[in-house]
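**Student:** I'd like to ask you about the structure that follows.
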Amino acid sequence: FYESEKDPDFWKEWAQRTLKNALTLQDLNKNVAKNIILFLGDGMGVPTVTAARILKGQMSGQNGEETQLEMDKFPYVALSKTYNTNAQVPDSAGTATAYLCGVKANEGTVGVSAAAVRSQCNTTQGNEVKSILKWAKDAGKSVGIVTTTRVNHATPSAAYAHCVDRDWYSDGDMPPEALQSGCKDIARQLFENIPDINVIMGGGRRSMYPRNTPDVEYPGDKKHNGTRKDGRNLVAEWTDRVKDKKGYYAWNRKELLSLNPNDVDYLLGLFEPGDLPYELERNKETDPSLTEMVDVAIKILRKNERGFYLLVEGGRIDHGHHEGKAKQALHEAVEMDRAITRAGLLTSIYDTLTVVTADHSHVFSFGGYTPRGNSIFGLAPIVSDVDQKPFTSILYGNGPGFKLVNGTRENVSTVHYEQNNYQAQSAVPLSMETHGGEDVAIFSKGPMAHLLHGVQEQHYIPHVMAYAACIGQNKDHCRANSGSPSLSHISPTLAFLLSVKWLLC
């Protein structure tokens, strides 16, 4: 470790700087939030946040432990209780309904209350619940969705869809009886329920095209062909609807980055047939990074004088963990933190409420008494006193990394445990690792961020965000304070200087 850390004054002075900064938080930011942004790290439990912090530091040549993620700099932190109404350990659909619609729900369902039963189409009608994206749109704000998964995956779909089964991506994925009963697939609902979403970016092309339609990027690979039974080309329909409204469709990075956001009011970007690739495997010629998508999205959305709502999902953190591939998961988390940094540079804490949280955790852990600066993907400094074999610091409670060689645990020193797709050892063999049930963190900054404090139910999050922005059901306080100064009275120069001061702190 660093020589300076041997001096007690090093730690005392650091603490005093932190204390001085904390004292500035006594003056609460009670501005109206013109803009509201939710960053959702799918599966980003507290152990993932800590490990991503260390990785970020080690990627820049530091020990890692002392590094700060961008979300670490947020002044307020709370804990979110993630359970679904029918599940102690939740899934991403029921949780998305909670933090987007403000209502806890059953696992596997999106945009419907707990009165709806998974896969039972006839329990949909009358149990629909609206999301904060809809509240924002109704208030005249621009709205957007950016994800590294399919745009009709569990997390984004709760922002616009009302569906009793998260797996009904297209009508080709639905049972005949559900279609006959009038239920709609999620991709169709993306374009019909809230037809004027300003920005939609992610993957999911195959759900938008008629069955057997070759994919534009992989025309020779039939598994990427369109899946729709109804014959509709949802992309063509959308393009036709917005062609005279400064609307553009992009399917690759070059097309996306060639756009001038000042000339775009509507953007649909579908960059893969399914989910986007992991950041470590991303084709930098064809697929944009999460940071690049967020950059374009905010530059389009912020033109609205009434502000915007943006949902950003780092969705493949979850996938990496499910596959036992901790390196993939953690690099996804670091990339999301880069996107958070970019969003912060494009907005101001004085009129933008930014919230970073997770839907649930995973049975991911790291330990083993590793020394300072140990590679986050490296070995513990000791061997097991039971089987006398080494082990990696990162382990899973269950998952595909369980492996026996000649009836005993695999000796990890004989494999490449730092490769991108190495599956960390697990205690219980499963083809896919499971979610974890512990609370997850909520980081917040900006107007009314202090209301996200303590230990809260997950469905509380959108109510705070709506209160801060004076949308949805919480508007009385806005009318009461309508005569008070707002951010519009602060000069751009002053707002910029205050933002710089905050970043330096």
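Any Cβ shown, glycine's included, is placed from N, Cα and C.
Predicted automatically and left uncurated, TrEMBL annotations should be read as such.
Reproduced below are the annotations present in TrEMBL:
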ACT_SITE  SER92  active site, phosphoserine intermediate
BINDING   ASP42, HIS153, THR155, GLU313  Mg(2+) binding site
BINDING   ASP42, ASP318, HIS322, ASP359, HIS360, HIS435  Zn(2+) binding site
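For each feature listed, report its degree of burial, its nearest neighbours and the pertinent distances within the displayed model.
**Tutor:** In the shown protein chains, 27 other C-beta atoms lie within 10 A of the C-beta of SER92 (active site, phosphoserine intermediate).
Proximity of THR155 (Mg(2+) binding site) to non-local residues of its own chain (separation of 6 or more, Cβ distance below 8 Å) is seen for LEU40, ASP42, SER92, ALA96, THR147, THR149, LEU311, GLU313, GLY315, ASP359, given in sequence order.
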**Student:** Give me the non-local Cβ neighbours of HIS435 (Zn(2+) binding site): same chain, 6+ apart in sequence, Cβ-Cβ under 8 Å, ordered along the sequence.
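**Tutor:** Looking at Cβ-Cβ distances below 8 Å from HIS435 (Zn(2+) binding site), excluding near sequence neighbours, one finds GLY43, VAL89, PRO90, ASP91, HIS360, SER361, HIS362, VAL363.
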**Student:** Pop the Cα-Cα gap between HIS153 (Mg(2+) binding site) and ASP318 (Zn(2+) binding site) into the table, whole Å please.
**Tutor:** 12
**Student:** Sorted by position, what residues of the same chain at least six away from HIS153 (Mg(2+) binding site) have a C-beta under 8 A from it?
**Tutor:** SER92, THR147, ARG166, TYR169, GLY202, GLY204, ASP275, GLY315
**Student:** I want the residues beyond ASP42, HIS153, THR155, GLU313 whose C-beta is within 8 angstroms of the mean position of the Mg(2+) site's C-beta atoms, in chain order.
**Tutor:** LEU40, SER92, ALA96, THR147, THR148, THR149, ALA154, PRO156, GLY314, GLY315, ASP318, ASP359
